[in-house]
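Everything below concerns the one structure shown next.
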């Protein structure tokens, strides 16, 4: 059974419904944890990880992911250029500081990425992304597309349209791995790398209501390869 | 390397320090998840689980545990006699309702416990417990000590002194399994059953400061057998 791939409006509606029941901190914790688990499972030797953090909840998932990667014995670093003045994100950063996760003040150039990092985590944009990418982020994405360091995208590959996929046929981000959260979004149809599902917190009632056709996760695992 | 067993005052201090950095919802989610994982690992066939929920944060861990057990394919039920009017607990209950977890209106008698449940989860009291047990809970504990259904206690066996262990040499609760959270408390020295550690969220800096000597968790596991 294949899971259903959601349109952007469906993903937003499911998200809104989840927040009738859950706090954002709860779901973000489980989402970020599942990303760290999938990465550790797939790239156990890639200890030097650069987590590229965007301004919204996708970035929050990235911050949680970085913290759990540290607990799993990885050496994550963070680049977080645009930080909204929200308690949620400030607390997540305070936690990263407690875990002594280095924060970069500028984005590495291509050669530095190639030589210093075994993996990049793309936590820039999530399922609510609307084109175009703003200047400051398009420069980062441009560098990310040029490096030989593999990239793992959280929920959607950043810069891709949530439904129609790559916006630029040539220069778009080509992640080696994608971790869809809750359910894949339509753009994942255009992705042909290592595809995981994480964010194991959907009640059976909601899975039925949204016809998600979720796969069976292994007993206690919080992520599953699709 | 054995983990250090904490005095009550140390456990309270560590907890207070954690809440400088984390929201209670975050840590409770990870704690309850690790309990569900340990139970699923140890009792994979014990699908009918009764989660006995106390009025404080230990009860909150139990509610989270019940929800994740449901996701893991178990059939948890809840008994939650005393519910404080706090948003935290109300939300956790709302989530259990969303997951269609039955809530008992009265505590089963011994024969019902024996015949209908493969496992009890004791989420009554945690590391802040001070004797004596109030009447309403001592009746429940009394029933729990008489059943043949095995019991898994979260953080401390309820009714035990956090440091000196069983209060009554004869009638105390004798859980088959104990899941210590963050670090074992002193009373765990008097426990000789299946002992797990869960609550994998302690920063290395805090582990050093409190000299916790935490064991190595398997790569991405959120619990480890001691």
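Every residue gets a Cβ built from N, Cα and C, even glycine.
Just so you know, TrEMBL annotations are computer predictions that nobody has curated.
The annotation (6S)-NADPHX binding site is assigned in TrEMBL to A:57, A:58, A:59, A:60, A:61, A:126, A:127, A:128, A:129, A:130, A:131, A:132, A:155. Spatially close to residue A:127 ((6S)-NADPHX binding site) yet at least six residues away along the chain are A:6, A:8, A:11, A:12, A:15, A:155, A:156, A:162, A:185, judged by Cβ distances under 8 angstroms.
TrEMBL lists A:58, A:122, A:158 with the feature K(+) binding site. Within the same chain, residues at least six positions away from residue A:122 (K(+) binding site) with a Cβ under 8 Å of its Cβ are A:52, A:144, A:151, A:152, A:153, A:154, A:157, A:158, A:173, A:175. For the recorded site, residue A:122 (K(+) binding site), the DSSP three-state label reads strand.
As annotated by TrEMBL, domain 'YjeF N-terminal' applies to A:6-214.
Least packed by the Cβ count within 10 Å, out of the binding-site residues A:57, A:58, A:158, is A:57. For the binding-site residues A:61, A:155, counting C-beta atoms within 10 A of each C-beta gives the highest total at A:61.
In this entry, (6S)-NADPHX is bound by A:57, A:58, A:59, A:60, A:61, A:126, A:127, A:128, A:129, A:130, A:131, A:132, A:155, whose most widely separated C-alpha atoms sit 22 angstrom apart. Same-chain residues that are not part of A:58, A:122, A:158 yet have a Cβ within 8 Å of the Cβ center of the K(+) site turn out to be A:52, A:54, A:59, A:62, A:123, A:124, A:125, A:126, A:153, A:154, A:155, A:156, A:157. Predicted-model confidence for the domain 'YjeF N-terminal' (A:6-214) is 97, expressed as mean pLDDT.
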